[in-house]
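**Student:** Have a look at the structure that comes next, please.
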Amino acid sequence: MDLAVGPGAAGPSNVPAFLTKLWTLVSDPDTDALICWSPSGNSFHVFDQGQFAKEVLPKYFKHNNMASFVRQLNMYGFRKVVHIEQGGLVKPERDDTEFQHPCFLRGQEQLLENIKRKVTSVSTLKSEDIKIRQDSVTRLLTDVQLMKGKQECMDSKLLAMKHENEALWREVASLRQKHAQQQKVVNKLIQFLISLVQSNRILGVKRKIPLMLSDSNSAHSVPKYGRQYSLEHVHGPGPYSAPSPAYSSSSLYSSDAVTSSGPIISDITELAPTSPLASPGRSIDERPLSSSTLVRVKQEPPSPPHSPRVLEASPGRPSSMDTPLSPTAFIDSILRESEPTPAASNTAPMDTTGAQAPALPTPSTPEKCLSVACLDKNELSDHLDAMDSNLDNLQTMLTSHGFSVDTSALLDLFSPSVTMPDMSLPDLDSSLASIQELLSPQEPPRPIEAENSNPDSGKQLVHYTAQPLFLLDPDAVDTGSSELPVLFELGESSYFSEGDDYTDDPTISLLTGTEPHKAKDPTVS
């Protein structure tokens with residue numbers, strides 16, 4: 001017990017308690033069997049560590065763990081001394097462990113103050129470690145700042161690209177809208193060009209002709225291009241007189257005009273069975289009246305941009321106007337060319353004053369006279385509806401389907417080098433043969449005296465829907481087609497004799513292709 005108290009009383013006060021206890025433990029002679037000084041006094045030996053931990057350590061320390069005792073020695077700078085025999089392969093016979101410290105010497109207790117714990121060295125290592133870590137953290141922060149700057153740059157670029165993408169989408173939408181508008185404009189231009197091409201190929205009328213749906217008591221104004229011309233050969237000598245104001249509307253539709261022979265083309269405004277039309281360029285004194293045969297004309301499909309025309313056929317013998325011809329019977333008679341039609345025969349003549357003339361030889365089959373062709377309202381309305389539906393279908397095709405137009409093809413339409421088969425024009429020979437066949441077998445030829453004996457012959461009106469005249473050169477027309485109007489070939493055929501002079505008649509010059517040179521009539525607007 002004194003040994004335990006002794007160490008607390010001995011030694012200086014600034015020596016650590018572990019060192020004081022260790023000095024007392026080593027210097028105690030009662031424990032020399034387990035712990036004691038070395039013979040030199042520079043170190044101490046610990047024998048039988050197990051027994052030492054069980055019997056000695058609990059007396060001086062709060063534990064009996066040999067490892068903790070060795071760790072405490074290392075903290076104060078004690079080192080384990082290793083001998084040569086302990087480093088061999090043979091285990092030593094005695095368990096002996098020696099520890100030494102330069103300041104822990106036998107008989108020199110005052111040197112215990114120099115023994116310190118290794119706190120300073122540990123703090124130095126920690127500071128160096130902290131400095132190294134600080135450098136690493138600084139480098140990491142620098143790298144993070146660089147990455148942050150690059151990330152901000154990428155964000156700005158992405159934002160700019162997003163704005164540019166939105167601007168591009170808006171521009172694409174605007175361009176699509178403009179493209180749609182331009183496509184509509186192009187479609188309208190194509191329709192306009194097609195209408196121009198059709199108007200250049202077809203002789204147009206300046207204004208629409210009113211429909212003959214009902215009789216009208218008041219006569220309408222005469223069209224600008226309404227004029228009369230004959231389709232048959234004029235017998236007898238005598239040229240046409242010079243054109244006069246007879247082409248005006250007042251003289252053309254006057255009841256006092258002189259009656260002449262030959263088919264007349266004009267506009268029918270009302271039914272006038274007792275008022276025949278006048279021939280524009282002749283008088284009774286200049287030319288005798290001649291008879292003509294009834295003209296059967298096939299009804300061709302009308303051209304959509306123009307109104308139908310009406311042909312007035314004037315046979316040499318006047319006929320009675322008792323039974324008008326219905327359009328259905330007239331069309332059936334046209335289809336049956338070989339069969340006699342009720343409208344092909346002529347009856348007793350009747351002049352404008354109602355006096356009966358001597359009867360002339362007539363065909364064996366009695367036929368009714370050809371009166372004014374009365375248009376059926378239902379048939380005409382059906383025809384107009386069909387035309388409207390065709391125009392609507394064409395407009396739908398042009399507007400709904402996108403297509404491209406070759407400008408060279410449009411320019412070729414105006415070029416004089418274009419061939420007629422490309423334009424699908426009708427056949428001249430077949431059409432001319434058909435009209436001559438219709439003109440010739442109607443009645444046998446009569447002498448000129450019989451024609452002159454009937455000065456006052458009436459006219460019969462024939463409903464005729466003609467194709468509009470094409471403004472083309474007859475010399476350049478290809479006769480291989482099958483649908484061209486027969487009026488082209490009249491100027492080249494032998495229908496007119498070479499001795500007759502028709503240069504003064506504008507209608508004949510229109511058929512022959514020669515334009516008469518005359519001053520413009522001031523009455524024609």
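We number each residue from 1, going along the chain as drawn.
Cβ from N, Cα, C; glycine included.
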**Student:** Which of the listed residues, S279, S303, has Swiss-Prot annotated as phosphoserine?
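**Tutor:** Per Swiss-Prot, the residue annotated as phosphoserine is S303.
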**Student:** With Swiss-Prot as the source, identify the stretch among 3-11, 30-38, 327-335, 408-416 annotated motif '9aaTAD'.
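**Tutor:** Spelled out, Swiss-Prot records motif '9aaTAD' over residues 408-416, not the other listed ranges.
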**Student:** With Swiss-Prot open, pick whichever of S244, S307 is annotated phosphoserine.
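**Tutor:** Matching S244, S307 against Swiss-Prot annotations yields S307.
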**Student:** To see if you understand the setup: which same-chain residues, six or more apart in sequence, place their Cβ under 8 Å from that of K131 (SUMO2 cross-link)?
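**Tutor:** Expected: none.
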